[in-house]
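These come from Swiss-Prot:
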type: BINDING; residues: Arg54, Thr55, Arg104, His132, Gln135, Leu265, Pro266; note: carbamoyl phosphate binding site
type: BINDING; residues: Lys83, Arg164, Arg226; note: L-aspartate binding site
Amino acid sequence: MTHEQKNILSVRDMEREEIDKLLCSAAAFDRGNYTGRELEGKILAVLFFEPSTRTRMSFSAAMMRLGGKILNLGSVEATSITKGETLSDTIRVISGYCDAIVLRHPKEGAARLASEVASVPVINGGDGAGQHPSQTLLDLFTIRESMRIENIDVGLQGDLRYGRTVHSLAFALAKYNNVRLHTIAPDGLDFPRYIKEDLRDIGVELIAHDHIEQALPELDVLYVTRLQRERFPDPVAFANYASTYRITPELLECAKPGMIVLHPLPRVDEIDPAVDSLPCAKYFEQAHNGVPIRMAMLNEVIN
């Protein structure tokens with residue numbers, strides 16, 4: 001890695017000024033303020049070792065909108081990784097084929113490892129239960145379109161233990177003034193202790209709720225995540241939790257006026273489709289915001 005090389009691995013590494021710069025840049029791209037030649041002649045390697053729809057496609061769309069090209073890993077089974085090649089060796093080789101790498105990997109810390117051996121910038125597209133900075137930046141971008149990111153109450157509901165999107169978002173929101181985090185999670189799926197301790201150490205107010213009804217009147221943002229069926233060995237327990245944590249139009253009648261509902265997608269049963277047509281439902285708009293925010297990220301690290 002060269003000294004000047006810029007990576008985006010975790011929002012915890014970023015200053016608020018860096019985040020705000022990317023959000024402003026994304027807003028300009030979203031308004032159509034670009035030529036389509038910003039990254040002409042540049043190549044982005046898209047290395048995904050886990051399934052993805054939105055992250056993979058929006059990074060690809062972002063690169064192409066700026067005039068660049070995509071080098072896609074394709075199926076992991078068709079690569080030398082199945083022969084035992086290490087991630088480090090794979091990254092070293094692919095660095096010679098491209099101008100930047102976006103990496104998704106099931107192992108936490110994989111993106112940081114890749115950045116240490118790569119000769120081009122690395123963007124973390126999600127690593128295990130760790131960080132997902134591009135998702136967090138588009139989450140912030142979506143919130144900022146509805147309200148100022150300060151003096152707000154944000155509810156985080158669902159799988160907070162293994163969900164990398166909520167881990168990243170919590171630390172990003174901690175960089176803004178007077179943001180209070182409300183957690184609503186099943187037993188055993190709240191934030192890990194080390195994350196709670198780290199958040200409290202940097203002054204974040206964490207408020208735990210047993211039921212979503214307790215939190216809704218206070219929230220400006222409700223961020224819902226998918227409960228993962230594989231975390232529940234008992235299918236009856238999963239069904240009970242899924243129904244308890246399901247967001248419905250009737251439930252939202254007690255929400256604070258102006259509250260917005262976000263979800264990193266894909267959703268399963270946690271949000272009733274009847275919510276989709278309500279003014280508070282911003283999750284499809286949130287997904288669409290992935291393109292301008294990733295345009296901003298690619299332009300920043302490559303140019």
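Using N, Cα and C of the backbone, Cβ positions are placed for all residues, glycine too.
What you are looking at is a predicted structure, and each value in this text was computed from that prediction instead of being measured.
The two recorded residues Gln135 (carbamoyl phosphate binding site) and Arg164 (L-aspartate binding site) have their Cα atoms spaced 9 Å from each other.
The Cβ of Thr55 has fewer other Cβ atoms within 10 Å than any other of the binding-site residues Thr55, Gln135. The C-beta environment of His132 (carbamoyl phosphate binding site), restricted to residues of the same chain at least 6 apart in sequence and closer than 8 Å, consists of Asn124, Gly125, Gly126, Arg164, Thr165, His167, Ser168, Pro264. Rounded to a whole number, the distance between the Cα atoms of Arg226 (L-aspartate binding site) and Pro266 (carbamoyl phosphate binding site) is 8 Å. In three-state terms derived from DSSP, Arg164 (L-aspartate binding site) belongs to a helical segment. In terms of local Cβ density within 10 Å, Arg104 ranks first among the binding-site residues Arg104, Arg164.
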